[in-house]
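Structure first, then comments.
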């Protein structure tokens, strides 16, 4: 994050431009949102918003939930191996979207803390968006949750963690598809999750919160149409590497 | 804007002012009762009336674009409600593409293409794309729902826009233009819904479709038919080329078919298991909840007038 006030203002302008010309048209006109309890979203940072991950559009939906003026203070955490592969793409992602790159599997390599930039953002009073699944996974399914969020929460016990569940994006733009299809998206925002000292109970409670929110916006899995279910078991052919990376991923 | 239409919008304005005033009075008189739903509905009516005013005040292209956008919203709501197969996403994109193309035919006033494009070409093309995708399980149901969605939200609604492409016709009080027909059809269709609702609240006893819409009553339907037909007859000399008899027939057509469209969309929502199709219009539900009657009245009114007058 730039410390120079001019650079900071410039970045805020770029992020507003991104919202006006990319995120809002795609999310509000292309998809359309039905949001439950938008008022539960944190108005002030520092705060952490955890959401399920099914699509490249997820972060745009989350950004569009916040008031326009506070968007520059909302920072989506994103996989460094995906967004920082190419220099110019990283520049765009950092300045127009405000991503915080996370090196997936970084903790195991004995290098710098992969969450370092997330710490800085929270210390600066920003709102962090995190996908604990670490990868987009199969359409409309909740993958295994990575414990990076627990480490983050241990370090910032005062920071509220607000869960958000989005349904419909796995239909609109599942992994492997390049052009989004317009589908309405339902979003449910939950109450802040209490922090638990034990990693496994905390992860289980986080999953429980997601499942509860899923029940608010999506039909229960057994009632889900067999046709929708069927496509779920198809292997994702395009990005086999991402699953491998996700295995020891931390955020 | 044409003089007659300006007066017509004045009438809408007066109606909305009265509706808002009555609600405000009721809220003051009975503070214990909840009027949130009614208040929201009327508030949304203000927005919709404003939108119609904008659509008809400028170039016909604005009205055409807005109608196409309404079709898009309705179709999006429809495919979001019904289950779709992941393999059909490319087919869905094609179906979405049919919306601008259909409205292009309207803009070109190419009647022959407009009337067969979705029922024939798109109907035959989409299954071809689905075959290319290769998924056979649920094929018929997927093809059927997609086509049903396009026919109601795009083909039917585009008839509203085609009224604008009709040439001027002599009426009792001066020339009749497409905008006036759109106004006539839209206002009567929507007032018919309101009248049926109000008569049902006042006198409703006998449920008419208890399994589909438990609140629809025979008394509401009849009250609506009478109100709408009377209005259709009163407004016809200024807004349409209709003879008095044709005006009464048009009123009966709009009120009875509007009711049918309403219950048909209700049956679909019941089949899917939702109450409202969305939350786009506060107090009403989604776009489909407001378009339901129009999916029937727009094409039927259009062909009634097209057959007898153009």
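Cβ from N, Cα, C; glycine included.
TrEMBL labels come from automatic prediction, so no person has curated them.
Away from its own ends, the transmembrane segment (A:12-33) comes close to residues 57, 60-61, 63-65, 68, 71-72, 95-98, 168-169, 172, 180, 182-187 of its chain (Cβ-Cβ under 8 Å, at least six residues beyond either end). Per TrEMBL, transmembrane segment is recorded for A:12-33.
In the predicted model, the domain 'Phospholipid/glycerol acyltransferase' (A:47-169) shows an average pLDDT of 85. Here TrEMBL flags A:47-169 as domain 'Phospholipid/glycerol acyltransferase'.
According to TrEMBL, the feature region 'Disordered' maps to A:215-251.
Summarising the annotation, TrEMBL assigns compositional bias 'Acidic residues' to A:222-232.
Sequence annotations record features per position, and here TrEMBL assigns compositional bias 'Basic and acidic residues' to A:236-251.
Across the domain 'Phospholipid/glycerol acyltransferase' (A:47-169), DSSP helix (H, G, I), strand (E, B) and coil residues number 50 helix, 25 strand, 48 coil.
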